[in-house]
Amino acid sequence: MSDKEELRYKDERSGILVNGVGRSGNRALLYSMGLEEDDFRKPMIGIANSFSELVPGHIHLRELARDVSDGILEGGGIPREFDTIALCDGLCQGHCGMRYSLPSREIIADSVEAVVEGNQLDGVVLIASCDKIVPGMMMAAARLSIPAIVVTGGPMIAGKCNGRTNICLSNLREFVGEYQVGKMTYDELRKMEMASLPTVGSCSMFGTANTMSALAEVLGLTLPFMGTCPAVASEKRRLARASGKRIVKMVKEGLSTDKILTKEAFLNGIKAVMALGASTNSVLHLMAISHEAHADITLDDFDRISRQVPYLCNLRPSGAYAVDVLHDNGGIPAVLKAIQDKIDDSQITVTGHSIKEVLEAQPLVENDVIYPRSAPKNKQGGIAILHGNLAPDGAVVKASGVKPSMHQFTGKARVFNSMEDSITAIENGEIHAGEVIVLRYEGPKGGPGMREMFLVTALLVGRGMDESTALITDGRFSGSTRGPCIGHISPEAAAGGPIGLIEDGDIIHIDIPNRSLTVDLSDEELAERRKHFKPVVKATSPLLKKYSALVSSADKGAILHTHD
């Protein structure tokens, strides 16, 4: 055997790092990190870890990464851990820092791509918990088309205090509004602060973090039960270890993400969104991930499916229970079982089995956590897509979080060009029943960064104004938002959308059953106002300037590139 043949260690794509005499320097670099020659024959598996001491949902991820690493070693692979960034939307909430949250999704996807492609890794395990990190990781997985598996950090356990149970961060934000109007004392509020979030993990309501973790499972990128398993459960560590072992087998089987992330898988994802009453941010993220997978879905898909799949899950912020309770009742497999006749259960998952095979052992659960199909929480899905002369390209509302009395609402516009101005008006008692807060220049380009308006909505709910006042915006909402809040209005004000032409006192009509969002202005009146229209331009940073220049509209998922 020649020297050249002896130096061909493996056929996997990471062989480009070590095969042949010419890779002597590469091998030396690997030796310097403690690897042995026999390691060059094994699949090289990346562990993309988003550990951070700034994020409650990510502070425990070092331990999970060790479990994943152990599993990779047991499976016969070589684990190589690397880092990416993570922001806590809760800590970014309500101030200028929220402008960086959505852009961080793209940074995460790009950084993972750079490391995986730069090192020609054979597979990757993606460890994440929270709002933009899970979708950013999934975007990378879709883009790379190599074997990949997601390990989610898991939700925290819900809080208990003063006789209340299932307390989540969303409740605490609303408690501030209660305190401001005298419904709660300062001491009571302080006790709630200390008791609401008793463990590490993603926030315990079914907000964006848990929505995207659940969707990672629905799309087939995690092992069963991963999406809802609590952060502090020993089961989570076992699932992480099993994921490490499984990724090595996926490499050997050639099971890459392009075989999992099909158009049908994303349509399954939308169906799960409707049954779960998921975060409106799922609309942005599913469109962005599907775009990376070359399996684009549109707002029309969400609109069509919302009329076909009922809303079943009684989860906070719109229902009674935290996510750990859903896990105790069968988790995502139980939800998929409930709508199995609506989904394409032939889709393959990282297990190597179809959804149908995964669900064979799952019993049907019908109770007050997962409502029966015969008596759903609502006959239509949890999210609705609205159109009209105020949102020609669409707008999104979490219908499951809106009280029935507000599904149709007409009110006078109160216009604000920033979130801060609207908060000041609410706190000063300047917003009244029968008004519609119009919050603009908060879209992807105009914000820039499409901030969440959760603090605004929480103040309205806490003050008991969610049955007399509505909010519409070209920004977005936290997954923990409830109330008559319509976001993602497209085109946004900064792109010349009609929302930029609205004036105080204009009459706005919201009609969720008929999927309509309109203003009482004729085409001629809008055209006349447009003659004098000058978009507001906000001072910003180099990163956000670049983001604003490149980002698409919310109705396209706020992505930074196209396939053209």
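Every residue gets a Cβ built from N, Cα and C, even glycine.
Annotated domain 'Dihydroxy-acid/6-phosphogluconate dehydratase N-terminal' per TrEMBL: 42-357, in sequence order. For the domain 'Dihydroxy-acid/6-phosphogluconate dehydratase N-terminal' (42-357), the mean pLDDT of the prediction comes to 97.
The Mg(2+) binding site annotation in TrEMBL covers ASP89, ASP131, LYS132, GLU452. All protein chains shown were included, and the count of other CB atoms within 10 Å of the CB of GLU452 (Mg(2+) binding site) stands at 30. In the three-state DSSP scheme, GLU452 (Mg(2+) binding site) is classed as strand.
The N6-carboxylysine feature in TrEMBL is assigned to LYS132. Cβ environment of LYS132 (Mg(2+) binding site): LEU87, ASP89, SER101, LEU102, SER104, ARG105, ILE108 lie under 8 Å away, each six or more residues apart in the same chain. Taken residue by residue with DSSP, LYS132 (Mg(2+) binding site) is part of neither helix nor strand, so it is coil.
Per TrEMBL, domain 'Dihydroxy-acid/6-phosphogluconate dehydratase C-terminal' is recorded for 368-558.
Cβ neighbours of SER478 (active site, proton acceptor) (same chain, under 8 Å, six or more residues apart in sequence): ASP89, GLN93, SER170, GLY207, THR208, SER279, ASN281, GLU452, MET453, PHE454, THR457. In this structure, SER478 (active site, proton acceptor) belongs to neither helix nor strand by DSSP; it is coil. Taken from TrEMBL, the feature active site, proton acceptor applies to SER478.
It is ASP131 that, of the binding-site residues ASP89, ASP131, has its Cβ surrounded by the most other Cβ atoms within 10 Å. Listed in chain order, the residues near the Mg(2+) site other than ASP89, ASP131, LYS132, GLU452 are LEU87, CYS92, MET98, SER101, LEU102, CYS130, THR208, ALA209, ASN281, SER478, GLY479, each with its Cβ within 8 Å of the site Cβ centroid.
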